[in-house]
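Chemist: First, the structure itself, so that you have it in front of you.
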Amino acid sequence: HAPAALSGALLGCLCLALLFLGGHWPETVCETVENDCRDPPDYWTIHGLWPDKSEGCNGSWHFNLEEIKDLLPEMKALWPDVIHSFPNRSHFWKHEWEKHGTSAAVVDALNSQKYFSRSRELYRELDSNSVLLKLRLKPSVNYYQVADFKDALVRVYGVIPKIQCLPRSQDGEVQTIGQTELCLTEQVWLADGAAKSRGLRVCEDGPVFYPPPKKKQSCLPHLKHINILLENCCKVLTR
């Protein structure tokens with residue numbers, strides 16, 4: 001069943017204005033760029049909230065970090081920028097606001113003050129992390145089928161999601177899941193739809209890799225080796 005906050009009339013493709021909520025799998029996003037991309041979150045995060053059309057965008061409506069300072073603790077957790085290094089962590093939010101937020105804000109339910117806050121609320125209401133886990137779709141070294149994700153999300157939300165992947169590399173590795181998109185009407189009911197996204201492509205039918213987070217290396221094994229070396233050195237010196 002769809003989350004209670006989103007249950008009601010699922011309007012299909014008949015809505016006049018559409019919004020798309022995009023979710024990132026950070027581990028895959030890190031593979032699309034050449035940087036140090038340290039410690040990406042091990043859960044799905046927000047990519048953005050986008051209108052289906054860019055008509056009505058206000059190019060003079062600039063991003064102002066001060067307007068969302070009260071949201072920053074949650075923004076850093078739910079909508080992190082894993083691509084840009086500190087201190088430019090707000091660059092991602094600036095890009096999303098200027099490219100999409102100024103258009104989404106023409107929808108009555110999303111004025112400029114509510115864009116980031118409403119995106120965060122929708123993320124929590126959809127709760128895709130819990131949904132996938134409950135349906136036994138979790139990061140794994142074993143491959144899934146793209147249909148596994150589509151069927152699972154359709155079963156819960158009642159709409160067809162757009163799923164994007166990092167294409168397989170030249171050496172024949174399987175495609176890697178990186179993003180999901182769910183379409184919403186301006187009344188914030190779910191609806192079928194599709195939107196463009198940079199860096200990733202719509203997944204092909206077939207196997208897909210849902211990469212588990214890379215394990216953080218612990219310094220404890222190294223300390224153990226150092227202690228052993230010191231003990232051996234002491235033994236040599238005391239002979």
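From the backbone N, Cα and C atoms, a Cβ is placed for every residue, glycine too.
When I checked TrEMBL for this same protein, it listed these features:
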ACT_SITE  H47  active site
ACT_SITE  E96  active site
ACT_SITE  H100  active site
SIGNAL    1-30  signal peptide
Chemist: In Å, rounded, how far does the Cα of H47 (active site) sit from the Cα of E96 (active site)?
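Modeler: Taking the Cα atoms only, H47 (active site) lies 8 Å from E96 (active site).
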Chemist: Using a 10 Å radius around each Cβ and all protein chains in view, which of these active-site residues has the most neighbours: H47, H100?
Modeler: H47
Chemist: I'd like the Cβ neighbour count for E96 (active site), meaning other Cβ atoms within 10 Å of its Cβ, all protein chains included.
Modeler: 23
